[in-house]
Amino acid sequence: MYVLVLIHMCYHFTMKRKKLFVYFIFLSFIINFNFNININFVCSNVIQDVISIGNVDICVVNVNSDEAQECILNNEFGKLLLFVCNMNDAFSTTAKTHPENCPSRAFVNQSNPTENSPEVDTYSIYPNLFGTNENRLNDTYSLYSTPYSNMDIDFSCLCYGDKQDKVKHIMRINIKKTRKKIKGCDFGDNIPSKRDLTNSLSLNERSSCIIHAYSNDVLGINCFKKEINNSYNNNLELNPSNCFHDVYFGADLILNSKNVIPNSRVIPDPSSDVKLSRNHSFSSYLILPNNLTENIKISCTCKRDEFVGTMIIYTKNINSLMFDNNNNNNDEEQIFQNKYMKKKEYKKDEGNEYDKKMNTDDNYINNEEHHNNNQYNNYENKINNVNYNYDDISKYINEHYKNYDHEKNSKNSYKTNTNIHDQYDTYHYNNKYDLHSDRTRIRTRTFWQNLFGLSSSKYILFNNFLILFIFLIYIYST
């Protein structure tokens, strides 16, 4: 059919250009349509059902099947994603995978991968995938993933039986792009595209990170620099070692988080579910319950050599929303930094002068801490003794709504005190979308500029159209 169409086109080569263009479009459509049909026919794998049990999503392929089966699991934070290569002992079948060290290596964005498809190191592409730490997958493959990703991406591996090695089954996880980051502290000094937590710090100095947490919040901590074989990761410590399963309550008391915050949940779950690699053993996530009733202070720390980064979490129940004040945050952090910096100024060999100054500074710091403790106690008493009624709450909401509505309608309402870089990943944003950028915004290109590759400069645009106009006159005059 294609040959006849081409002969017909050659025979009428002298016809008007419009008809020639129509033939070309028609032929391209026919070829593309048949090509898509062939691709869909080749990729017609049998999609397996997903079984959900509690917090586990399970998908099973039968390695003894004569038809190629495909398991697809969509990323959902808090879910354990479990792939199973089902074997039949009666046939003495052994399950195999490709790549052999899946999930450390996998195929990325391959619709129908084969053994010859290019494979990549999973961690270098997407560090937020918590997988098994096995060199070889026997019959199961379990993983967690964080909800943050700066790209749409899918990872896949092949699963097959040694008695049926010509039929390759596919295990695939789909991860959707989202800009929203997790409330937490990243002490790994990571670039924005590899950071899924809102606050970025470095373990090149002593630092603290204070988080106010509420019901249903997801909190995270990370100590690891997400680069393979980076010297930053030498001598790292996460304390307590299984944070957030255990947390510091007070200065040095370690308690289980389920006892301190009932109905909370830690991701990853205990190592019996997922065997963590070293890359992921310095990260943890805490899911707070939807009925948080306690106002408490807990913490975990990251340590690198002599530098310590402390994550301090203040949990707040629903009553605390009426009195939440970010200024308390700054006071507590400032006291911490003042105490550290003042002690750092003195040397141990300065004798009596050193002791005199140190005592003076310690008294000053203790007075500050005493004042802060009194302020915190008054704050808690205010929360515990308050008796809310419907009118008070309605008045509070109405006042804050009016303030919000006034800001929303004001000329400068887009300017806020919150740093947008602490909430979203702007690593791939263009400068024209950045309201706080000092650079001149890029003009939007027109359809014709994109079509012909023309410059956005008005002078070059005029010259190009002039040349095009002269060329058209020459064509139609011949």
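Glycine residues also receive a Cβ, built from the backbone N, Cα and C atoms like all the rest.
Remember, predicted model here, so these are calculated numbers, not experimental data.
Taken from Swiss-Prot, the feature disulfide bond applies to Cys59-Cys71 (among others). Annotation for Cys59 (disulfide bond): same-chain Cβ neighbours under 8 Å, separated by at least 6 residues, are Gln48, Asp49, Val50, Ile51, Cys71, Ile72, Leu73, Leu82, Phe83, Val84, Met171.
Among the features that Swiss-Prot reports, disulfide bond is placed at Cys85-Cys159 (among others). The number of other CB atoms found within 10 A of the CB of Cys85 (disulfide bond), across every protein chain shown, is 25. DSSP classifies Cys85 (disulfide bond) as strand under the three-state reduction.
The disulfide bond annotation in Swiss-Prot covers Cys102-Cys157 (among others) and rests on similarity to another entry. Cys157 (disulfide bond) carries a strand DSSP state (E or B).
What Swiss-Prot lists as disulfide bond is Cys185-Cys209 (among others), and the listing cites similarity to another entry. Here Cys185 (disulfide bond) comes close to Leu197, Asn199, Leu201, Cys209, Ile211, Gly220, Ile221, Asn222, Gly309, Met311: these same-chain residues lie at least six apart in sequence, with C-beta atoms under 8 angstroms from its C-beta.
Within the same chain, residues at least 6 positions away in sequence whose Cβ sits under 8 Å from that of Cys302 (disulfide bond) are Phe187, Leu203, Ile221, Asn222, Cys223, Leu236, Glu237, Leu238, Asn239, Phe282, Val308, Gly309, Met311. The DSSP secondary structure for Cys302 (disulfide bond) is strand. Per Swiss-Prot, disulfide bond is recorded for Cys223-Cys302 (among others), and the stated evidence type is similarity to another entry.
The disulfide bond feature in Swiss-Prot is assigned to Cys243-Cys300 (among others). Sequence-distant neighbours of Cys243 (disulfide bond) (same chain, 6+ residues apart, CB-CB distance under 8 A): Ile221, Ser284, Cys300.
Annotated domain '6-Cys 2' per Swiss-Prot: 181-326, in sequence order. If you average pLDDT over the domain '6-Cys 2' (181-326) in this model, you get 86.
According to Swiss-Prot, the N-linked glycosylation site annotation covers Asn109 (among others). Under the three-state DSSP scheme, Asn109 (N-linked glycosylation site) falls in the coil class. In sequence order, Ile153, Asp154 make up the list of same-chain residues 6 or more apart from Asn109 (N-linked glycosylation site) whose Cβ falls under 8 Å from its Cβ.
Per Swiss-Prot, N-linked glycosylation site is recorded for Asn138 (among others), and the stated evidence type is sequence analysis.
Annotation comment: Swiss-Prot describes Asn229 (among others) as N-linked glycosylation site, evidence class sequence analysis. Sequence-distant neighbours of Asn229 (N-linked glycosylation site): no residue of the same chain at least 6 apart has a C-beta under 8 Å from its C-beta. Under the three-state DSSP scheme, Asn229 (N-linked glycosylation site) falls in the coil class.
Sequence annotations record features per position, and here Swiss-Prot assigns N-linked glycosylation site to Asn279 (among others) based on sequence analysis. Of all Cβ atoms in the protein chains displayed, 18 besides its own lie within 10 Å of the Cβ of Asn279 (N-linked glycosylation site).
What Swiss-Prot lists as N-linked glycosylation site is Asn291 (among others), and the listing cites sequence analysis. Residues within less than 8 Å, Cβ to Cβ, of Asn291 (N-linked glycosylation site) and separated from it by at least 6 positions along the same chain comprise Ser215, Asn263.
The GPI-anchor amidated serine annotation in Swiss-Prot covers Ser455.
According to Swiss-Prot, the feature signal peptide maps to 1-41, an assignment based on sequence analysis.
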Count of other CB atoms lying within 10 Å of the CB belonging to Cys157 (disulfide bond): 28
Cα separation, Cys157 (disulfide bond) to Cys85 (disulfide bond) (Å, whole number): 11
Per-state residue totals over the domain '6-Cys 2' (181-326) - DSSP helix, strand, coil: 19 helix, 60 strand, 67 coil
Residue among disulfide-bonded residues Cys159, Cys209, Cys300 with least C-beta crowding, 10 angstrom cut-off: Cys209
Cα separation, Cys102 (disulfide bond) to Asn279 (N-linked glycosylation site) (Å, whole number): 16
Rounded distance in angstrom between the Cα atoms of Cys159 (disulfide bond) and Cys102 (disulfide bond): 10
